Structure formats: structure tokens, C-alpha cells
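In TrEMBL this protein carries:
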type	residues	note
REGION	96-293	region 'Disordered'
COMPBIAS	127-148	compositional bias 'Basic and acidic residues'
COMPBIAS	149-178	compositional bias 'Low complexity'
COMPBIAS	212-223	compositional bias 'Basic and acidic residues'
ACT_SITE	HIS397	active site, nucleophile
BINDING	LYS399, LYS642	substrate binding site
SITE	SER689	site 'Interaction with DNA'
Amino acid sequence: MDEDEVASILGESSLNLATSARPTVPQRGENRAFDRYFDESTRHHDPSEVDFQELRRAAWATWKINPPAALSGNTRENDNDDDELARVLALSVQEHFSRPTSRQPSVGIVDDEEDEDLKRAIAMSQEEARAPKRRKREETPEEERKMLAEAMAASLAETGSTSAVSSTNPTESSSLSTNEQSEVAKSATPMQETESVPTPGLRIGGQIIDRAQLERERRERQAARQAASTPASDTPTPNASSANTRPQAGPSRIAGMSSISSGPTAGPSTPRANSSPKHPLQSEGSFPSDAAGEYYPYGELRHVALTIAEPTTERTFSPKQVIGTHSQISLIIMSSFVIDDQWIMDKGILPPPEDVPTIVVRPHPKDKQEYNGKIQSYPNGEIWVYPKMINYHGSAHMKYFWIFYKTGRLRIVISTANMVDYDWAMIENTIFVQDFLPLPTPRPLRPDNDTHDFPLQFAQLFKHTRIHTALRSMLHTHPKASEINFKPDDDFAAMGKYDWSKVKVRLVLSIPGTYSGHDEIAKYGIARLGKVLSEEGWVPKSGEKLDVEYQGSSLGEFKIDWFDKFNSFLHGKTSRDLMNRPKPVEWPNIRILFPTLANVEQTILGKAGGGTMFCGKAFKEHIRHLFRDSRSKRGGVLMHTKMLVATFEPQENRLGVEKSTPMKSVKRKADEMKDDVGGWVYVGSHNFSIAAWGTVDVKKNPPTCTIKNYEIGIVFPLERGTARAIADKIAPYKRPAVRYTAGDVPWDQYAHRE
């Protein structure tokens, strides 16, 4: 197995991790207790009308997460587990029988681009025409996450909602968004009318975890540490006068900082906002709104609204906030690496696809390679697009939304969170949302227009993943097609109807393939990032060095040559610049943020919450000095955010003293200084791996770049003079991150999970 395949696996490959992440469903006879349980629960179902294999998978998932307590002699809990398993099976059966009867659009899609392979796939799809309304995915590379999410959902169902609003643990409720708190309060009302009952803990596998108790104990330890290390006179006093201020953000052109520090205001505040630097992608004051809800014309970057961990004064995003008012949506185009369809349906995260045309980009089923690169439509009107994977390796790892509202505006979302409950409630993730209003008169997109690069990048991605094919089919078959106000004609020329002038981020895509020649190489992956940094001038000046760190949830296996090339692109170099590059002898100083075993053990969920962290073979003793422990600002949760932070710092001379600034630099004009850039931040789906970013080979003629994954993210500048402080504000983790000590080891879910 070559290094790219290893990196693909460690980079959350949708095809290779699933086998090791979770054992398969036992065959009949391998687990007699489970066989009896399954037979008893499904005795009323007709095998000719129900997919028993699907039911068996659902039953086994519940069995593994929350096994019947009768195995340990607890009859009362066994009754509850019987009910739980019956509920899961009933939901599965309900999905099988919830298909529409009045309309049956074709299950496959054929157009001029389709080949014989697709026709065969369509024939197989037709055998599945009785597909459920939202079919639950089979095992995925992050099945542990889904198992944990299901366990948490089951636990919350048992508790009623009491634990979420318990008066004995106000910190959890205070971390929820306002909308979520009101929903929780409503659901808790019936519980308040009955006599008090003990709040059960969270059940994960065979363990019972009392989240409230864990949180209280953790806070006591934290308070003790602070009391021991902080003199009373140094204790900060909250600044009440600053409670209603928040960093500004404003209209933009891509190049220059003046666009980032100007513009209208929006939102409630963060402490000490008067003295702290302005967040480039957050606004203060009130946001505009329409029938579809609040919107963000200048772009808004926030972290997810966790339901555990410490409260925050910062604004956050919940899934429902991001999606908006369902009745005002005319079309959704979305992509996610992992999707929990049951959670989406049960919690009403997305509108029903028969009501709102929905195109879902997702990895093809790992046991159906013939679906690779194909498209499926379902009786409910939903269309699934399976991106083409080269040689069946890599991951469709993108996480984005295009949401078209009946009010006329378009919302684009770029996220580090998958569409699973766990990613939004129990682990740090970061979401970028920007809304685009329609122009009075459409304007054709032009490559020489800086702000048009953003939609043009999406147009490339849509063509690669054949969104145009799916959209044409939907326009012909969906009952609500007349409400779709977006057409795929002429390479998505309809994008020209929106006002892109306020874009202040650059898009970075990875698309699987091997690209030849310098111009082609620069289109995707790490070479694309290098091109953007070079075009914008977001690079260190003479006498400065690049201070860079990478926070991710999955690491590839690093080789010094690739690591050195990666560092060159971070400095704004191009593949042409690497042609005569000397062989590296030292590892570039890129700090790698990844949680230690001790860190994971101290989190609220403990080892049970570390199922989405993959270090693999990335850690070696000779690069220990590069590793840092990533710890959330909100305490007690792990990091799923993928973030690359770079600041420009004074370069030291040979004596270890920072070089002084030349006098003529000090005398630069004020208008030059205000547009000056002191660093940049990348946020998106890219983990720190070859599979995600690609590998460039300049020794070949022509030079090539090979990429395994589909990825998407944004990069934006930081203002000079306050870049480091701005980075501190943007990052969801504590900066500076603490260096690994001699006894520290990175968390390894395969070696350390109990």
C-alpha cells in the first residue's frame, strides 16, 4: 500500500475506515440472544414487503449501543430496551411504507452524458424503488460517531429533556442558542408537572455516564487550579460596559484589509470588545431579516452551539439557524461526508424532500462500487449524487449548502460539521454562512472580477459532481419544480443573478484526479491555496517569518519531502517555484494540533467521545517537537474543526534577536498600512493529509498533482498589527497550544478506547 492510500485511509476515507470502525452484523446463529430478540421484534412483519436485512442492521446498531438489560438480570431496564428496539424497528418499517403512492419518478437518471455503467446502476436502482423516505446510511468511516449520536439520542429520549434544563446544572442550558433553549423549555413543561425523578446518565456501550456529575467535578477541579495559580488581586473583573459590543465586519473586495474592517454592524456582544481586535467575519448590532429568517450579507463565521461544555458569550450556530424557515425554501443543494438521515427527519433539520426539492451529494455505499460517480432519484423527489472517486480511493469529504429561498436570496454554507447530531452538539465545529441578494439585472460572471472567483469555483465543483444533471432531472420530475429559481444552463450562468460584491473570502477546492502542467496543478488542493496566497499578497514581507499551526481531527502519514512542499505553498509559492528546490534536511516548523490521551480522558465524554479523532501513523518521535495539545476554549470537548492559522512574525537573526523594522517601512503611508495583511486563516473540510491536499511532483515532465479527496474550505486575511490577537479570537481552541511533554502521546482510538 503506497503512502497516498495510507493517507487516504487516515484522512477519513469513506471506503477504507468502515471495516475497522465497527464489526459487521452477526449472521444468524452467531449470536443466539440477538437472534431471539430480532425474531420476537419482527414477528408481525411480512418478509415480502420489508427489507429484513435493513431491519437486522438497525436492530444490531441498537443492540450494540444499548443492549437489553436482561443480559445482566435487570428486568425493568429490559422492558425499556424492548421498547427502544421496537421503536427503532418500527421506524425502519415506517420508512419502508412511507413512500409516496401518487407519484413515482424514475429511480435512475439518464441523459446524454450517461454510459452503459450508469444504465446498469439505474436498473439496480429500480429494484430499490420502494426506498424509504430518507434511507439510513450503512456503516461509514465514522460509524463510532453515529453510534455515539444514537446512544445520546436514546438517552435523551429516556430523560425527557430534564437534563437539558435541569436547575442543578445551568451551565448546559446556558450554552444553547436562544431558539434551542425555548424548544427545550417547551419540551420540558410536562416533566415539570410530574413529581421529580432522578435524571439518568448518558448510556454509551455498557457504561452509564452522568454528564451533570462529570461537569460539576470538572468545574471543581478547574476552580481549584485557578485558585491555586491566580492571586486574588489578579482576578479579572467583568467589564459590564462592554457587554453590548461586538467586532465589526463589512463590505469587501478580496484584496486589502479596508474591506474587512468596514461595514454595518450586527449582534450581541463579547466581553471587552472595545479593547479587543475586530473579528473579520463577525458583525455587531442587528442583522437584516426576511420571511426566511435572519441573514448575513457580509458573511458570518461562528462555532456550533454545543449542548455540553462551558457557556460562551459568543454567538453560535445551530442546524436550524443555518437552514432557515422551511416554508420559504425553494431548493437545497447540499453535501456532507456523513449524514444521519434519521436525525434529520426526526428533528426536522431539513424540510421533507417532497415539499422542497433537495439534491444531496454524499459518498456512494461502500458495498456498491457500481454506484461510484452515479446519480439516484427516489420516489420522494430527493436526488442523491455520488461523486466520482478515482480508482475507488479517497473520500467525498465536502460539507456545504446552497439554499435558495423564495424571498430571492441565496445562502451558501461551508462547514466543518457533518450532518449528524454529534457534530453540532458535542464536539467543536466551525460554520461559515453568507447570504447573497439578487441583482436588479443579472451580470455575467467574469474570471477577471475578483469577487466572481467565488461562484466560478462552485460552478467548477458543480460540473465535476454533475449537479447540472441532477438539477435538470429535478426540473422535469419534481412536483415543486415550478418553484425552483435556479437553472444549470450555460455552465450555471444563473449564478450571475446574485450580488457577489461583498465576498471577502477565497475558496479552496480539492477534486480527485491527476493534473498535469503548472496551470492545471494550481486549480486544486495545496497548489490552489498557494496560488490564492500569491495572488492576494498574503505572504510574509522581507524580515518576517511565517508562524503556522494546523488544527484537524485526522492526520495523514507525513514524509519530510511532502511536508516541506506543503510549507512552501503556505508561503505563497507555486509549482514553478519548486522546480529547483533543494532536498529538505529539516522539518519545517508547522505546529500540528492533536489531542493527547490525557486530554481526551479529561473531557466530559472521556474516551467514548474520541471516536472521530484519527492520528494513525502521523506521530513519530523525531517530530514530537511539532505536536501540540488542542484544547477547546469551552472546556471538556474535543475539536473537529479543521483550521490552518498563519501569522507573519518578525524574523530572528542568528543571535536570536528579532530584526528591527526598517525606517522606510515605518514611514509608509497610512492608506498602505490599513490595507496591510499580517496573516491568514483557512477553515474547511481539509484535514492535514496528502489525500486531502494532494501531492505535487515537479520532477515529472510535465509536473503533476494527484489528489484523492473532495474537499472545500475558505481562506481570509488577518489585519496586520493585530493578526495574532485576531487569530486568538477566531480559533475555537486555546492559543498558544501547549507543546507535548516527554510523557504525552496522541490519542489513538484503536489503542486507547476501552
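For all residues, glycine too, the Cβ spot is worked out from N, Cα and C.
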How far is it from the residue listed as 'active site, nucleophile' to SER689 (site 'Interaction with DNA'), counting Cα to Cα, in Å?
13
Among HIS397, LYS642, the one of these recorded positions whose Cβ has the fewest neighbouring Cβ atoms within 10 Å:
LYS642
If you count Cβ atoms within 10 Å of the Cβ of LYS399 (substrate binding site), leaving out that atom itself, what do you get?
26
When you measure from the Cβ of SER689 (site 'Interaction with DNA'), how many other Cβ atoms are you left with inside 10 Å?
31
How big is the gap, in Å, between the Cα of SER689 (site 'Interaction with DNA') and that of LYS642 (substrate binding site), rounded to a whole number?
12
